[in-house]
C-alpha cells in the first residue's frame, strides 16, 4: 500500500477525479503545453496594445487624447478582469476550465479585430489632401470595442490561471519535481519575454508593412492552435481542488465587524473567538482595533457549533487569526496606493510616446523602424537592469551591507524615482520635438519631422529600468508581507495597481483635456494634433505628481511595520523568474 501511495500525488487528481499517478500525470511535458498558451497571450495583448494608438489616430482619425484613452482603458480592463478570472477559477471553474474557456474567448476577440481592420465598411474613408478627416462612426467603434474587450476578457481569464495551473503540475514535496518547478519558473518568464519581444518587433512590423488584419489573424490562428495543443494534454494534467476565494473571507470579517460596531471590545483579548489550530495561529495585534469586533462572541453566535466538526456562521463570528489576516492586508494599502502612479507613467510609453515616435525620423539605413517597435528599448532596459542587478549590484551590496540585495521597499522606491526621471526626460525630448515642428511649420501628424526618434530612448530606458525594480519589488512585498492564506489576494492587490494605473491615465488625460482646453490658442495641452499641443507640459505634470507621490511613498514605507520573515529574503531574480507564483491571479 505504501509503495502504491508513493506513486500518487497527495493533493492532486487526474482528469477522472482519481488520485494523480505521478508516473502518468504532471511534470515538465504537461507544463510545456501550458506555456504555449502564455506566449500566444503575450503576443496578442502586447502586439495590439503597443501599436493600437497609431491605428486609432491614423486610420480611425480619432484625436490623440481619445486614442490614448482607448488604449489605457483596454489595458486597465485586461488587468482588472484578472480578478474576475481568478475568482471564477478559485470558486467555480477551476484553472483548467478557466484557461480553456477564456483562451477561446481571446481567439474570438483577435479574430473579430482582424475582421474589423480588414473590411472597409468597418473604418472611415482615408483622408484626401487638406480635407477634414472623417472620424469612425458609432457602429465602427462599436465593433472595435467588442473585439478589444473580448480580448481583454480572454486575457483576464488566462492570466489568472495559466501560471498557477503550470505550477500545479509539480509536487513541491518531491525534491526532483521541486527542482523542475524552478526550471518551469525560468521558462515561464522567458516565454513572457519572448512573446513581448515578438509582439513589439515582428508583429508590429507586419501590422505596419503587410497589414493589420494579417497580424491580428496570425494572433487568432496561433491562439487557436495553442488551445488545441493545450486540450491535447487533458489526460496528462494534474488537477488541484479550489480552496475558495479569499475575497469572500475578507468580506466576512468586514461584515461581522460592522454588524457588531456597537459592541464593546473585551478587556482581555483572550476572550475573543479563536478556533484556528495552534500551529497556524496569528497573534493578536493592536492595529485597526475596529476589525477585532468581528471576533467578539455575541449571543447566539455559537448556536451552530453543536458538533465537533461544526463551526459558527463566518458572516457573524470570525476567529482572531482571520481578523489578523485582514489587518495585514489593510496594512498593505498605503504602499499599494502609492505605486499606482508608476503604472500611469508606464501607460504613456504605450500611447503618447508612440505618437511622438510616429512623427519623427525613424530610418536606419534603408530600414524604417515602426513607431510601435520603439518599445523594444523598453523591454531591453528591463532585461539589462535585471542582469546588472543580478551580476553586479547584488554581489557588491552583499559585501557592503551583508544583505543579498535591496529590500522590496527599496526596489519600489527606485522604480518610482526612475519613472519620475523618465517623465522629466520625456518632457525635455518633447520640447525639442515641438521646436522642430514649429520651425518646419508641420501641420499634420503624418509629416515626418527632421528630428531623430532616438532622442526618445532615455524616457523608454528610464521607465523600463523602473519597471524592472518596481515589478519585482511589488511582487516581493505583497507575497512576503501578506498572510499565508491570502497569497492570491495579495497578488490581486498588485494587479489592481496596474489596472488602476491605466485607468488613472485615462482620467488624467480627460481632466487635462478639459481644464487646458482654453489655453494654447484653444488647442490645450493635449491637442487633436500633437504638433499643436503641449505634451511637454503633460509630461511635466506627471513628473511633478511623481515627486509628490514619491514623498507620500517614503512616509508610507516608514510607517509600515514589516512582517517578520525567514532570513532568506526573496531575491530579485527569484521573484522575476518565479513571477508565475505571484501571477496565480494574473
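Each position is counted from 1, following the chain as shown.
In case you wondered, yes, glycine gets a Cβ from its N, Cα and C as well.
Straight from TrEMBL, the features:
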TRANSMEM  74-93  transmembrane segment
TRANSMEM  100-119  transmembrane segment
TRANSMEM  139-158  transmembrane segment
TRANSMEM  188-207  transmembrane segment
TRANSMEM  213-231  transmembrane segment
TRANSMEM  330-349  transmembrane segment
TRANSMEM  369-389  transmembrane segment
TRANSMEM  409-429  transmembrane segment
TRANSMEM  449-471  transmembrane segment
TRANSMEM  492-512  transmembrane segment
TRANSMEM  538-560  transmembrane segment
Cβ contacts the transmembrane segment (538-560)/the transmembrane segment (449-471), at least three under 8 Å, sequence gap 6 or more: no
Proximity of the transmembrane segment (74-93) to the transmembrane segment (492-512), 3+ C-beta pairs under 8 angstroms: yes
Same-chain residues near the transmembrane segment (139-158), Cβ under 8 Å, at least 6 residues beyond its ends: 37-38, 41, 44-45, 48, 60, 70, 74, 77-85, 88-89, 98-99, 101-110, 112-113, 115-116, 122-124
When counting Cβ pairs under 8 Å to the transmembrane segment (330-349), the leader among 213-231, 369-389, 409-429: 409-429
Distal contacts, the transmembrane segment (409-429) - CB-CB under 8 A, six or more residues away: 335, 338-339, 341-342, 345-346, 348, 353, 356, 455-456, 458-463, 465-474, 476-477, 536-537, 539-540, 542-543, 546-547, 549-550, 553-554, 557, 560, 562, 572
